[in-house]
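A.B. asks: Sharing a structure with you now.
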Amino acid sequence: MRGLRPPAFSSASRSREEPPPREVRSGAATRSPAGVTAAEHGSALWASRLSPRGAEDQALAGGIMVTEQEVEAIGQVLVDPKQPLQARFRALFTLRGLGGPGAIAWISRAFDDDSALLKHELAYCLGQMQDSRAIPVLTGVLRDTRQEPMVRHEAGEALGAIGNPQALELLRQYCSDPVVEVAETCQLAVRRLEWLQQHPGQPTVAGPYLSVDPAPPAEERDMGQLREALLDETLPLFDRYRAMFALRNAGGQEAALALAEGLRCGSALFRHEVGYVLGQLQHEAAVPQLAATLARPAESPMVRHECAEALGAIARPSCLAALHAHAADPERVVRESCLVALDMYEQESGPFQQDRPEQPRPPP
Ligand SMILES: [Fe+2]
Ligand SMILES: [Fe+2]
């Protein structure tokens, strides 16, 4: 799967501030002017989903033109349980990049799958698309107690990410859900929506990462203060998340190590978000803590899953042993995450990723 990112489509060739206009048109050509198919682009988008470059790709995805038949072909891959998981994830990320009601409809259809990993990613993508037309399906998933906690959590988070106050009443109802991860997620989502109401006109996506986060980054810049806020379990989760995203945006080894300390904090939801953020940061300093958390059988599968994917995103040789060690883990969501992470590793360490700025690459 190496080499799917053509040089003509590399992030260096376009400004992050100037995404091209959305051009998803029925009956239009299936290739962008750069010669990239939607499916190829979905691969690149999936492979770098966590990184700033991934966010940039997300913006660029609007430049891909597809036919309705191609959207359908991509959707069919997503909903087909016989397809390999990696192919289904790529289809999902392609649909996410394309956006629109057709993409939302296909993504919605996959919620009756039996992979919690895939379903939670469906909800994540619907949230990141920030399209209010996804509110009904996400509402259904949050309400459906047959769905795994990890999936319901992601539906709640997505309802917060969309940013439409229409979801507030529902989210308030689920702030006391018996599943603690769901309750905490809804509390955060309510705080986010209230924050947006109190700060009208503020960009919902700011800083080097274009992901829609469950909380805005703190304004504090002092790393010591941010670390303290992150690890202070007496503070509201929303404030600790704000410190988390400010540390991520600051980047570097000090931030990575402070965040990695968060993998020992009390809330599984918090720890899983730390894992996710460390994947975005892609700093090798966090690899030992991520690998140790992945290896802890008593840890929540949701946290172990996020650590596995972070190791795939960091994509250094030091990550490989841990991913291989858990590729047959008895916990399905962990096992599948390792497979997906190994796929990401392949992409992240592919020939078009040699210019990553965070860390010098060790000699081969
Ligand atoms: Fe999550
Ligand atoms: Fe996740």
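Cβ from N, Cα, C; glycine included.
Sharing the record's features from TrEMBL:
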type	residues	note
REGION	1-35	region 'Disordered'
COMPBIAS	1-13	compositional bias 'Low complexity'
COMPBIAS	14-25	compositional bias 'Basic and acidic residues'
BINDING	HIS120, GLU121, HIS153, GLU154	Fe cation 1 binding site
BINDING	HIS272, GLU273, HIS305, GLU306	Fe cation 2 binding site
A.B. asks: In angstrom units, rounded to an integer, how far apart are the Cα atoms of HIS272 (Fe cation 2 binding site) and HIS153 (Fe cation 1 binding site)?
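C.D. replies: Here the two Cα atoms lie 11 Å apart.
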A.B. asks: I want the residues beyond HIS272, GLU273, HIS305, GLU306 whose C-beta is within 8 angstroms of the mean position of the Fe cation 2 site's C-beta atoms, in chain order.
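C.D. replies: Apart from HIS272, GLU273, HIS305, GLU306, the close residues are ARG271, VAL274, GLY275, TYR276, MET302, VAL303, CYS307, GLU309.
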A.B. asks: For a Cβ distance below 6 Å to any atom of ligand 2, name the binding-site residues from GLU121, HIS272, GLU306 that qualify, or say none.
C.D. replies: GLU306
A.B. asks: Can you tell me which of these binding-site residues sit near ligand 1, meaning the Cβ is under 6 Å from at least one of its atoms: GLU121, GLU154, GLU273, HIS305, GLU306?
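C.D. replies: Listed by sequence, the hits are GLU154.
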A.B. asks: Within the chain of GLU154 (Fe cation 1 binding site), which residues six or more apart in sequence place their C-beta under 8 angstroms from its C-beta?
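C.D. replies: When sequence neighbours closer than 6 are ignored, GLU154 (Fe cation 1 binding site) has LYS119, HIS120, GLU121, ALA123, TYR124, GLY127 within Cβ distance under 8 Å.
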A.B. asks: Which residues, in sequence order, are found in the same chain with Cβ within 8 Å of the centroid defined by the Cβ atoms of HIS120, GLU121, HIS153, GLU154 at the Fe cation 1 site, excluding those residues themselves?
C.D. replies: ALA116, LYS119, LEU122, ALA123, TYR124, MET150, VAL151, ALA155, GLU157, ALA158
A.B. asks: Return the single residue from the binding-site residues list (HIS120, HIS305) that has the minimum number of other CB atoms within 10 Å.
C.D. replies: HIS120
A.B. asks: Including all protein chains shown, what's the count of other C-beta atoms within 10 A of the C-beta of GLU121 (Fe cation 1 binding site)?
C.D. replies: 24
A.B. asks: Among the binding-site residues listed here, HIS153, HIS272, whose Cβ has the fewest other Cβ atoms inside 10 Å?
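C.D. replies: Per-residue Cβ counts within 10 Å for the binding-site residues HIS153, HIS272 bottom out at HIS272.
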A.B. asks: I need the CA-to-CA distance for GLU273 (Fe cation 2 binding site) versus HIS153 (Fe cation 1 binding site), whole Å please.
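C.D. replies: GLU273 (Fe cation 2 binding site) and HIS153 (Fe cation 1 binding site) have their Cα atoms 12 Å apart.
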A.B. asks: Would you mind checking how many other C-beta atoms are within 10 angstroms of the C-beta on GLU273 (Fe cation 2 binding site)?
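C.D. replies: Around the Cβ of GLU273 (Fe cation 2 binding site), 27 other Cβ atoms lie within 10 Å.
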A.B. asks: Rounded to a whole angstrom, what is the C-alpha distance between HIS305 (Fe cation 2 binding site) and HIS153 (Fe cation 1 binding site)?
C.D. replies: 14
A.B. asks: Report, in whole Å, the straight Cα-to-Cα distance of HIS153 (Fe cation 1 binding site) from GLU306 (Fe cation 2 binding site).
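C.D. replies: Their Cα atoms are separated by 14 Å.
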